[in-house]
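Chemist: Pasting a structure here, questions to come.
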2 protein chains.
Amino acid sequence: MSKPLILVSNDDGITSSGIRKLIELMSTLGEVVVVAPDKPQSGMGHAITVGDTLRLVKSDLFGDILAYECSGTPADCIKLAKREVLKDRKVDLVVSGINHGSNTSISVLYSGTMSAAIEGAIEGGPAIGFSLCDFSADADFSHVDEYVLKITRNVLEHGLPTGIALNVNFPPKQNENLKGIKICRQANARWEEEFDKRIDPHGRNYYWMVGNFINHDKGEDNDEWAISDNYVSVVPCQFDLTGYHAIATLNEQWDI
Amino acid sequence: MSKPLILVSNDDGITSSGIRKLIELMSTLGEVVVVAPDKPQSGMGHAITVGDTLRLVKSDLFGDILAYECSGTPADCIKLAKREVLKDRKVDLVVSGINHGSNTSISVLYSGTMSAAIEGAIEGGPAIGFSLCDFSADADFSHVDEYVLKITRNVLEHGLPTGIALNVNFPPKQNENLKGIKICRQANARWEEEFDKRIDPHGRNYYWMVGNFINHDKGEDNDEWAISDNYVSVVPCQFDLTGYHAIATLNEQWDI
């Protein structure tokens, strides 16, 4: 049986240690091709490049592994990989990450890591975004190997339901071992920003956005709960945003 | 009764004719405050500015209406508006648009217009994104007035279900009148891009992304169908991306 073709991307950029870890792990499971941003693209959400050009440049960062750095967003990377780099081949799996920082709960919307995975799912194949809930550039990834492999093997074996990408988050490295994997829903939480207003050397105002994460969710079946209890969280994410329950409500209430 | 406070934003930028039309219409329903991007932000999805500074500059484009142009994304605009510009006031409604171009179906994920609306919904209030399925800068918006007002009045009167923002799309102006409003689901369609590869004057490759919209959906309850039949489409959109149906599937299939 031929080895699966695994496309790797991320949003922290091609030089981050998280993508190196992911490439190393995926190489044990299949043939790896990398198309990743040439600079950090955190917080890019599902942005694509529509009014500007894109660059795609071969990279020798990973030895024999075919790799390209791309000037665009994570979603651009997946599109360019599928239509240009791998246009005559079938990609068996798209993986993104390992992100330096949490993408639990509402952060899935802002996440470049997850936009690459969701773009993979839109194209019709299985896709996984991996994130470590530790923002530091030199984060310790040593505890995640076993779980990245276990989750990826399950996805390669069983596929994923149509229209679903996985949002996988790992707790930061702690003294005790991870407790296991929990399949979760997205926690009902949000970012409540403050703006740090400053004055530049030319006397003009500017702002830094500072996020405070507010968790409203008391449930024990969501990703925030799983991470806080030292479990790996896996949330199946869909890109059909329709709130089906609201269709009947609007039809009843509205005078149209 | 005091007039509702309506926050207006968009993704085409503060100088576009679509936002002027929306401001004109909203001013007949409430007190309008504008915080909109200082440049086009189409295709920005739910991007936010995390690694850079933000500017917020007062604008006199709309006479007596309080307005700011912001250097950030549509989602940034809503965050800055709520936390800085209107921090001591309650926003009754967030509206975004009117976008020059369709945001039906999967385009909701890439849409800066809808990210402003969804950001409003995340903050807990009602929110609507309006788009005209005509990309031209001098698009004819004359047929939408009645429907923008009708939909907005219904939302002001009834509110929206928790966790829902509306994605409203208008067919392009045609000879016959619009047939009415359909509450829809998001069509199962996607963009299949091609990349137009060119060589710059310095001999290096670059690409332009060219999107081809592929509609797989034969249903008559989705937004693409409504637009093609000259109806206004209204899709209730949620920001909980959990594919609940897939949780049981993963728990059954996986060896964890």
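Every residue, even glycine, has its Cβ placed from backbone N, Cα and C.
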Chemist: Which residue of B:Ser42, B:Ser59, B:Ser136, B:Ser142 does TrEMBL report at the same divalent metal cation site as B:Asp11, B:Asp12, B:Asn99?
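Modeler: The candidate from B:Ser42, B:Ser59, B:Ser136, B:Ser142 that TrEMBL ties to divalent metal cation along with B:Asp11, B:Asp12, B:Asn99 is B:Ser42.
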Chemist: Rank the binding-site residues B:Ser42, B:Asn99 by the number of other Cβ atoms within 10 Å of each Cβ and report the first-ranked residue.
Modeler: B:Asn99
Chemist: Can you give me the residues near the recorded divalent metal cation site, meaning same chain, not B:Asp11, B:Asp12, B:Ser42, B:Asn99 themselves, Cβ no more than 8 Å from the center of the site's Cβ atoms?
Modeler: B:Asn10, B:Gly13, B:Ser16, B:Gly18, B:Pro40, B:Gln41, B:Pro74, B:Gly97, B:His100, B:Gly101, B:Ser111, B:Gly112, B:Thr113
Chemist: Going by Cβ pairs closer than 8 Å, show me which of the binding-site residues B:Asp11, B:Asp12, B:Ser42, B:Asn99 neighbour chain A.
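Modeler: The binding-site residues close to chain A are B:Ser42.
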Chemist: Pick out which of the binding-site residues B:Asp11, B:Asp12 has the most other Cβ atoms within 10 Å of its own Cβ.
Modeler: B:Asp11
Chemist: Could you give the mean pLDDT over the domain 'Survival protein SurE-like phosphatase/nucleotidase' (B:6-193), rounded to a whole number?
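Modeler: It averages 95.
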Chemist: Could you tell me which three-state DSSP class B:Asn99 (divalent metal cation binding site) falls into?
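Modeler: The residue in question, B:Asn99 (divalent metal cation binding site), is strand (DSSP, three-state).
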